[in-house]
């Protein structure tokens, strides 16, 4: 058979089941290097202690990449120490240390020689050890490079092998499909022949009836003839009658003769008819026999073809398994290449780290020598300068500096002469010319420079290798904050533009806003300094004395007092302006204007900061104009009440983007991970507050539960800005936040019951149980009413309003639904945001969700920004300065502690360590409900106002740093997750909460565009690719891209193919496309498959393999070019649109039917319900052509 070809495994030591390969206990290379898997150290045959220690720093264990290593390829290319190694001696006198200003430390020649020999011997030994270690490290690097090169070759072979098997699988599958079609055709022929036989049998029956009828007719004709003959014979036997009787008898005889002739004719006709019927019957019988024989032949042929088709199906299954194994070997080869690259990078880093101290030590010794020389020179220069000052007149013609500059070269020359004298004497004594000795000195002095330059070049070469995946283009994905490469703040000597330069340019463009912001800041500092009175001591500094060579001055006034001089003049000018009293309405208007002004100034500025977010801008604006800043906002409580609706609209928008099915798939993390996070964090923080901080039991309970909550508004906003809402950590974070919104109800019910002012006199478990039971009943009734009313009333109400075509009424109805459900849940004891979330979840099932989302977008943005500003208003900078260590310590414990707890909990629930860290960093800050809980605790006498103020500040600052914590999580993922290919493999626990998602098979050009469109609409998807580089690019963009074979049943199961609604197959190779479609149609037939076809023939084969719809990859570019050409030919736009649409419809009939059923065109032209009406062909008015000849349709 064609598919019965084999491929060999790499020559490795098998270390277990599957495809894991590892070292044996000991491998001995032919050149004396032994590698031990226990401690993974390289020991040279010379057994030099320093060399062994240095080889330990090299860590060849890095080469044992994750238990997999090539065994037969390890060998040493050269010995660790060269055979003819010659140590270079450093001539005596080069490193003599000078004592005094001009003395050089004279000694007799014997002492010089003894010192020279001992020093040179030590340096020779150290040089030998160093060279041995360097050569050993170099050998190891060469071995690793050779291993990497062989791994790359094996990867190329594996890729060719997998491509070959995929092509064979496609050919065998197409042959099987052809045999199946042929068998179907054969059975169709059999059935047709059987139908003909049935018709023949029917005709035979008719013919038999005709024969019987003809036979009966012949019998009747013969009977009539016999009667006539008998009557004639009877008439001839009578006597002769009279004349009249004779005449009558003659007439009778004539009639009988005529009847006899007619009877004979009838007999002939019946005989002819009978003969015809018998001939037809015989023909039908012969035809029937022939047809039966043909049926037997066709049946036998069809059975043969059917058997061949079944065998072909088995062959297809076998070749698909072989192709899957080939792709699996390709993936393993990719992993080995990745492991080899990591091992090589680590080895090079360890080598560079081990060589850096030696170079720095040599550079330090050179610097010490140069410093001694400089000290001698400086001493001589000072003496000469002193003499010149004495000898020169007071108003000399030349300045002292110029005279000194002229005398320095002479001193240097004298110093060089004194230094070269020992060289010359020693060289002449040894019989060597002085020129050679000077060359040796120059060569030794230039060695460190060359080594440093070569190492810098090597490290610069290594940097692109490590950061290639992270430096991939990310501009195609619309995300607000990304990470910057190492060259972000570096300046290019060639004068090319850098990111830092562009940042400076943007600051220059925004200088009016900066000036206005600084003016507001200065005014705020002025008002603050004037208002604090005696509290200015916080800004004062102790007396600082600054001395210089000219004078001594002391400054005792802080900077704020110097700034106060300017505002006094401004105050005088303001007093001259007539004032007018401001009423409450104008005050509210001024508050609104200040809020808008601050947001317009600070939000763009903070977006320019690396890793910045609009949330930070709103928080900074709130701090500045809040009661603890400039105190510009007068009605803070009213502002906070209105700002709460920002969270309400945010949760409503989140509900619109979800569905009931997707929410049900998240129940494991909502009620599992969410409850575990809240309970464990509350318990740990409460115990710390009680036993460490000495807080009372009720206060510890409130503190633990309040700090266990996180900010739903901040976290979801940051996730949306970064485009991470559909990522693994984004989904897990949202699940926990959803449960926290439910847990707030319990906390707010619990606070009055544990208050010392309560009528129960403390904690009463019966009262708590009764209150919680009543709250649960109220919540259940409210949620049931919202769900039932929404399912029954929302769709007909919105349909009726949509028929009126009034946008204002539509928006008003949306606001009514949001505020009504929020009020209902608030009256039931739940949060307002939860009611809005339920309303959005119900509206998401209707066809009006997109319009509703666009209507509430302006309200959501403004109110959410207002909410963040109110959070900033709660931050007290004065309190931060006075309690800085306590607040920073508490903040650090909160962030680190909650992150560790969430990581542990997330790992228990099957989340990867990197995703769990990112979830922990997002949920570590406090939340907005902590303000409500702590405020209620103060009102109930559970905690003091001072403690609540400190906690307010900690929670506010933690919410402010949430964007940077999210950026830190992405940095951790980019540093630790992207290096190892195994971390990119699909895990079932990473996708078990997905429902109705999209599977993208292939993350190339087409797959990336589809992923971008889905990500912008927050539609959940999972992408697969066998290229680790593409997967790394996707992961660096926080997209759910996994390294795996899209044609494997196990991989498809791990990404939740059974719960997916559709799959897009956009692989490069036609064979891989076919194999993926085959696997999806066989194992997951309910998943609709949309495939990218290479050409029409390939598309037909894919349709036969089970593809739902096939899109030729050349169709859309051809249509775009054709539209441009038709537009250039002066055809009207309507005619071009109709032509292109008709052509597309003919070639995409199946896709068009699906689009019409869903009510949209999915990007493939106009739907039939919205075709443009034909317009008069006016070439000047209808053709809308942009630059380049493309058409705007």
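Even glycines carry a Cβ here, placed using N, Cα and C.
It should be emphasised that the depicted structure is a prediction, and the values quoted were computed from it without experimental measurement.
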Membrane topology agreement for residue 692 and residue 942 per Swiss-Prot: no
In Swiss-Prot, the member of 168, 439, 568, 1054 to which N6-acetyllysine is assigned: 168
Same-chain residue ranges lying at least 6 outside the transmembrane segment (913-933) that approach it to Cβ under 8 Å: 647, 677, 702, 705-707, 709-715, 718-719, 728-729, 732-733, 736-737, 740, 744, 747-748, 751, 831, 867, 871, 874, 894-896, 898-903, 905-907, 951-952, 954-956, 958-959, 961-962, 965-966, 968-970, 972-973, 976-977, 983, 990
Average model confidence [pLDDT] within the coiled coil (131-355): 78
Beyond the flanks of the transmembrane segment (669-689) by 6 or more, those residues with Cβ under 8 Å of it: 663, 695, 699-701, 703-705, 707-709, 731-732, 735-740, 743, 893, 897-898, 901-902, 905-906, 908-909, 911, 923, 993
Residues from the same chain, set at least six apart from the ends of the transmembrane segment (884-904), whose C-beta lies under 8 A from its own: 677, 680-681, 684-685, 688, 707-708, 736, 913, 916-917, 919-921, 923-926, 950, 953-954, 957-958, 965
Distal contacts, the transmembrane segment (861-881) - CB-CB under 8 A, six or more residues away: 532, 535, 538, 595, 598-599, 603, 614-615, 618-629, 633, 636, 639-640, 642-650, 713-714, 717, 887, 928, 931, 949-950, 952-953, 956-957, 959-960
Cβ-Cβ under 8 Å with the topological domain 'Stromal' (849-860): same-chain residues at least 6 beyond its ends: 645-646, 649-650, 652-653, 656-657, 807, 810-811, 814-815, 818, 843
DSSP residue counts for the topological domain 'Stromal' (690-698), split into helix, strand and coil: 5 helix, 0 strand, 4 coil
The topological domain 'Stromal' (634-640): DSSP-derived helix, strand, coil residue counts: 5 helix, 0 strand, 2 coil
